[in-house]
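Please see the structure below; I have some questions.
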Amino acid sequence: MRSPHQPTRRATLAGAATLLSAPFIFRSAHAAEDIKLGFNGDLSASPSAQSGRAAVVGIQAAMADLAREGGVLGRPLTLTIRDDLSQPPKSIQNMSDLIDNEKVVAVFGPTNSGNALAWKHIPNQKHIPVMGCIGSATDITKGTGGDNYMFRVGSVDRIQVVTLMGYAKKNPRSGKIGFLTETTGYGQGGLKDLQEVAQAQGLTPAANEKFNVNDTDMTSQLSKLKSAGVETALVWAQGTPIGQLMRSMDKIGYFPTVLTSWAADNLSFMNAAGPQLAEKPIFLRTVSETRSPRQQALFDRVRPNIDADSAFSFAVHGYDGTMLLARAIQQAGSTDGAKLREALENLNGSYEGFAKTYDHPFSRTQHDALGAADQRWTCWRDGKLAAYSDDIVASLKPEDFKG
Amino acid sequence: MLATWLQALVSGLAIGGVYALIALSFSITFTTTKTLNFSQGEFIGVGAFLGVAVLYLLSGQDEGAALAPGASAGFNYPLAAIAVGAAVGVIGILLFITAVRPFAGKPGMSWVMSTIGFGIILQSIGLAIWGPAPVNLPSPFGDDVIRIAGAGVRPQEILVLVVAIVLMIGLDLLLRRTRMGKAMRAVANNPSVAALMGINVSAVMIGAFALSSALAGIGGLLVAPIASASIFMGLGIALKAFSGAIVGGLDNPRGCIFGGFALGLLEASVALWQAQWREIVIFLLIILVLAIRPQGLFGARTLDKV
């Protein structure tokens, strides 16, 4: 016997359904207002954290500018930030959280390349575009069969290697080239690029030496380069060991032309090498140290919120990446991931960004917006980063960048 | 070619001097207490940072800017070395009281874990105070390369070598010629008999840990101008130094010094051949030495009653 006060089974079910669907009703109503974007990257743990923080500053500056123009599709943008502490497991967890729980339409990041490689299958499976602006590993934006949702406005190891090799080939001094790499994943990834690109450009290294990231004396390795007659050394390592390498060159009085990975822009390189030796290597960045008035205005605007002058390029990547994404949303007329990817791959018109003017920055097979022609030659002068130029840099043409 | 080999010799001796000094510090506690401080690496890092702190204080510089090249000049560097030696020595006594004495002489290897744990605590405190970034420490004799027959060496590397040799000779004399040294050797030989002879065994053991830790701290201060002071700088050095001590024979201080230098020279010469094979060659050699002479090259053959 059922008491008359007890609700019927049907009423109970209906009530439960209403209760369960309430958050979804709320969420979809909420989504109609905001376009949610996510950031997933290291903001506090590794030495690269300052780059992650600078990227976020750039993204937020772009969002503020978009908000002034009335948002995208008439809707405001919001940014949900997740710090991955540079740990791959945490980064993977953040990615699922941002996509499944926060329902973001696109994600920026990560700071550390390894983390992107750890989770790039997730956005590819869930059809959520990722805009990289910090990590530079070549494989991040490489497709793995099927649709590729990984995009990047930033530095790419492979493109740096191609550009540096173009310089090495044209250097009248470089009768012979040699490689010096660190035995970490970063250094060995770079070595693979160096070897492949050298082959593509018809160069054979006369020496190929390795060192540990904590080494303080690389004189033995350098002696081998010296006796092999190497006059252009291509170095792939982090800031501190490149600094120690310069000190070891000083010890044996051997100074070939030194072309290095962009890690030499880090203050840790400057500290290890000292101000005089720091002026020797040449490397590539995406934003020149001789800033245009427009770049200077952005620099002055964001500089109070970033940790170092050298981190400005990441703010630029974040800013331009956000703007390109906004244009893709506008063009797609929707925030659907697959449509967004298609819009990014076929972006109409051109956009005057802060790193360059983007004209069809991405295609189905090309997901890196900044290429060899967008690299800016850089060096240290008087303890500060400066634009580098010489006759070889001036003579480099697009056809010199092969590989 | 000669210059290349000379460069390897000079570089090997410089790094070998550091290994030898730390290897000796392992030997000091092992011979007196039959225990080792497995956090010696952290003591090196802490020593370097304490040195940086003392130099900031002595040169009256603001903490915000990097140390000026002249900050180590004059009496500043030796004063920093004394301060670091004393402070890290006190930390060593603390280590002995909290992490070694409760377990020493008891069955089991609890002291291995407790000294490693002490090191982790020390490292975490160091990270909280100084952070993970390396800090520059200028050499007292400047940074200009000195040329010897085509090979280049920095003044700090010569200083490391000279200080390491002076300290090692001094300690050798202390152990062999003084009453204190005799007491230490007596405790090492047989603590109960030493106690019956009126030697304060406890004090000797505390002294051994203080001395060993002070050496690690000074080692950190010596290496910092070459490698930059960092809380992680000591781990690699301590591992190599320990390997050197094992090769030379942990219970023979002179053997440990030999082992340290041998390892440094070996590193530099293997790098002349193939740098990426360096660690493989070194550790294969250590395994080989231990297989043939388990007590190390100069260690005394001991029989454990089972």
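In case you wondered, yes, glycine gets a Cβ from its N, Cα and C as well.
Copying in the features that TrEMBL gives for the protein in this structure:
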TRANSMEM  B:6-31  transmembrane segment
TRANSMEM  B:43-59  transmembrane segment
TRANSMEM  B:79-99  transmembrane segment
TRANSMEM  B:111-131  transmembrane segment
TRANSMEM  B:158-175  transmembrane segment
TRANSMEM  B:195-216  transmembrane segment
TRANSMEM  B:222-243  transmembrane segment
TRANSMEM  B:255-274  transmembrane segment
TRANSMEM  B:280-300  transmembrane segment
Which sequence-distant residues neighbour the transmembrane segment (B:79-99)? Criterion: at least 6 residues beyond either end, Cβ under 8 Å.
37, 39, 43, 46-47, 50-51, 54-55, 58, 72, 111, 114-115, 117-118, 122, 205-206, 209-214, 216-218, 220-221
Taking a Cβ cut-off under 8 Å, which residues six or more beyond the ends of the transmembrane segment (B:43-59) line up next to it in the same chain?
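Apart from its flanks, the transmembrane segment (B:43-59) reaches 22, 37, 67-68, 70-72, 76-77, 79-81, 83-84, 87-88, 91-92, 119, 122-123, 126, 129-130, 135, 137, 213, 216-221, 223-224, 229-235, 237-238.
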Can you name the far-off residues of the same chain, 6+ from the ends of the transmembrane segment (B:280-300), with a Cβ under 8 Å from a Cβ of it?
240, 243, 245-252, 254-255, 258-259, 263, 266-267, 270
